[in-house]
Amino acid sequence: MNRKKVDNRIRILIENGVAERQRSLFVVVGDRGKDQVVILHHMLSKATVKARPSVLWCYKKELGFSSHRKKRMRQLQKKIKSGTLNLKQDDPFELFVAATNIRYCYYNETHKILGNTFGMCVLQDFEALTPNLLARTVETVEGGGLVVILLRTMNSLKQLYTMTMDVHSRYRTEAHQDVVGRFNERFILSLASCKKCLVIDDQLDILPISSHVASIEALPPQAPDENLSPAALELLELKESLQDTQPVGVLVDCCKTLDQAKAVLKFIEGISEKTLRSTVALTAARGRGKSAALGLAIAGAVAFGYSNIFVTSPSPDNLHTLFEFVFKGFDALQYQEHLDYEIVQSLNPEFNKAVIRVNVFREHRQTIQYIHPADAVKLGQAELVVIDEAAAIPLPLVKSLLGPYLVFMASTINGYEGTGRSLSLKLIQQLRQQSAQSQVSTTAENKTTTTARLASARTLHEVSLQESIRYAPGDAVEKWLNDLLCLDCLNITRIVSGCPLPEACELYYVNRDTLFCYHKASEVFLQRLMALYVASHYKNSPNDLQMLSDAPAHHLFCLLPPVPPTQNALPEVLAVVQVCLEGEISRQSILNSLSRGKKASGDLIPWTVSEQFQDPDFGGLSGGRVVRIAVHPDYQGMGYGSRALQLLQMYYEGKFPCLEEKVLETPQEIRTVSSEAVSLLEEVITPRKDLPPLLLKLNERPAERLDYLGVSYGLTPRLLKFWKRAGFVPVYLRQTPNDLTGEHSCIMLKTLADEDEAEQGAWLAAFWKDFRRRFLALLSYQFSTFSPALSLNIIQNRNVAKSALPALGREHLEALFLPYDLKRLEMYSRNMVDYHLIMDLIPAISRLYFLNQLGDLSLSAAQSALLLGIGLQHKSVDQLEKEIELPSGQLMGLFNRIIRKVVKLFNDVQEKAIEEQMVAVKDVVMEPTMKTLSDDLDEAAKEFQEKHKKEVGKLKDMDLSQYVIRGDDEEWNEVLSKAGQNASIVSLKSDKKRKLETKQEPKQSKKLKKRDNNRKDMKLKRKK
């Protein structure tokens, strides 16, 4: 085995780190890097005075060697017994694996190691490493420990620039395939700036990028009590002053820093109050002793006689430190295991024998029990609930864990977990408001709801830890990690330029190549941008930084105040807009996806909308999704976000034509270094020089052609109002709430102006109608928890033109309601029956109203909210009393008025239908005549006279002798007087004698008949 002298600077760096309690970072380039881990660990073991440092070994899938420790130990013991162990010849790596406490961990299971501490961390499979994983693992290493990153053999570190990372496959979409590895480039360049970082090859030769260690010198040995800081002296004084106050004194004695001691005192103050209504929130960066402070506080709660103590965290594995300090507290309080308490460990192999229960039976039965964050229902008898790593628990679960008991919570706020800001921004903000409300006296506005709110109000105490315990202050690796991942941008700079008018501000395009080049000026600008991101958004993880730098479809814009021409410094940033270009998916891909139910990564809006509406054409449109609009916290709500959005829309509508003749071409691929050009040991890595300007005006860059702008966000009333005001229309609302925030994802779209604008807007109007119909149906299911105000805000949208719907007809009415139903409604409208009698009809009425099928029926906002709450969300009047904030009597009055209006409308519909069925009366159209009345009468008289003459002429030609009535008046008078009143027949003597010829008989009979008839007529006249 060839032996080689190790560079002395490596040993000095490790020993200095141990002496200063600061971590060191080693990047080992080469396939045999794992063999050098043994040497580095050996140096660390010699430098530290305590036991062999434990190791955390993280990998993707394949470890590359057997991790079976027992098997290796048996083999080793056999060799020792047989005397065949040769330390010079045997593989030192085998010995290292057998004799060291190594925790092997897949990258996708690193959440289980939160809260644990290791002496050394090894990260292999660099391509699987993400910023989140880097932050999570590096922060578990204690002061004096080592972080070792293993890279494969390469000729140049610049090969890492073009290395394909596993996460890149998620950034590629059908339309955007070319990923540029800006994050890796910045990562490598940042290594040169870290004073405690060494980049070495697998022969332990130091590479030129780490030239800063050329002058490293060993630190002189220091006495332990030398140079105590003022904080350490204050801590000693505090411990001495509390010696006589027990059990507080012994617990504070276990604290390492002044911050931690003050936190423990605050916890014990909450315990001793025993109001069970206060929340103590402890926030700090990693490695500040949060879990230890909680553990000591739990020991204090047991000493104060608390019986039911529950502890929760994402996994029992995260509670190693907490329980370790519970037992340290017990030792200080002179509790003895088995005599005073017993420990129950988990048998679940996933939890790695974690402590899940402690039974204390010194004075009376007391328990400390681990529960899963989702099991808040089991907290019925709790007196104290402790939430560790609250930042890693979804926000809705943390809210459900708060109740009528004392709550201690600890949270990491550096944003490494992704939800750290969520907890500090949202939850603690809400607790602050509740706490403030409890101080205010009740008003007479609505005493019932105010009293209920005050009953649940809690007092909030906030504690933060600044001083690090896991490693000494000023740790170089912590500073490097914070700068690399922009974790430490919580302190946002105040803008000194005043409030410019939003109309005067301009939007600029940010060149990402320049932004992530690790130049000093661009680093300052990047930190400013990320500070805005962190301060104005609920969820911000380091992975977002990698997506921003590497994803090909993402673009950055920033809103800047008017910049005077003489200004040399970088301007203040008012707002940042991140846009992701989506769409342009081939129809075939969408059809395949719809038929198989599979979606590719990326293209969030096209895939979701295509699936929701089963529309294969939508994915072909090109759109821009606004990923974030982050506005400076001092300027929120002043119109800067709306201005940025307005300018962005104008840019993509082509209203800023590109005036540049030669557009700045950014090289798509990075120049690779040939292996002959320079060796790894001679290569000098520096930031690139030939970079385009950081900021471009919108008319200096041609815009991509887009059909629509879209946004997907967690639905809140404020955000909905903002996007509606910007002209966006909701088309999708996810039915299940987001695990992290408890909010429902909402997708809203807006078409961009084009020549055929009417046709453009038609598909959006169709989507909106379909969405509204579905949303109304789902209001009684997943969306029943929404407040009526929020639901109304979603349904009412003026950004889509109202289409004229057919009025409600009698057939439709009869299909929905029986005559008896209408009778019931009428009876209620007259206050003759109770409202329970018509509750079954309200859903149908609500649906008709909100689908605009009730014609001109108009309701006030309160009436609409009431109708929606009762009819579509199926809420009780008591619930609505709290949500609408009106007394129930007033609500019932409003409800009766709604039904009256509806009954009147239904009656009108029926009356109209009956009118249409009745016989139609002919309408006489009165028009002025052409002739005067006298002319008209003269003409009619002439016509009559002519007609009369013709008829008289006809009569003259006919023989009328047979119709002549014989006799004169005297004869008739005589005959009639003789006959009397009741006579039916009278006879008059004729002058002619009757002819007796047989031939004339028929004629005679006819004549007689006629005569008889004539006589009858005469008789009738007489009667009259």
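Yeah, the Cβs are placed from backbone N, Cα and C, and that goes for glycine too.
Per Swiss-Prot, the ATP site holds GLY287, ARG288, GLY289, LYS290, SER291, ALA292, ALA293, LEU294, GLY295, LEU296; the candidate it also names there, chosen from ARG103, ARG458, ARG470, is ARG470. Site annotation for acetyl-CoA in Swiss-Prot covers ILE629, ALA630, VAL631, GLN636, GLY637, MET638, GLY639, TYR640, GLY641, SER642, and the matching candidate from ARG701, ARG705, ARG725, ARG734 is ARG725.
For the binding-site residues shown (ILE629, VAL631), fewest C-beta neighbours within 10 angstroms: VAL631.
Taking CA atoms as the reference points, ILE629 (acetyl-CoA binding site) and THR716 (phosphothreonine) are 15 Å apart. Within its own chain, GLY639 (acetyl-CoA binding site) has PRO502 as residues 6 or more apart in sequence whose C-beta sits under 8 angstroms from its own. Shown in sequence order, VAL975 are the residues of the chain, 6+ apart in sequence, with a C-beta less than 8 angstroms from the C-beta of SER987 (phosphoserine).
Across the residues of the region 'Required for localization to the nucleolus and midbody' (702-1024), the predicted structure has a mean pLDDT of 83. DSSP assigns VAL631 (acetyl-CoA binding site) to a strand segment in the three-state reduction. The sparsest Cβ neighbourhood within 10 Å, among the listed binding-site residues (GLY637, GLY641), is found at GLY637. Cα spacing between VAL631 (acetyl-CoA binding site) and THR716 (phosphothreonine): 17 Å, rounded to the nearest whole number. The two recorded residues THR716 (phosphothreonine) and ARG725 (acetyl-CoA binding site) have their Cα atoms spaced 14 Å from each other. Cα of GLY641 (acetyl-CoA binding site) to Cα of SER984 (phosphoserine): a distance of 111 Å.
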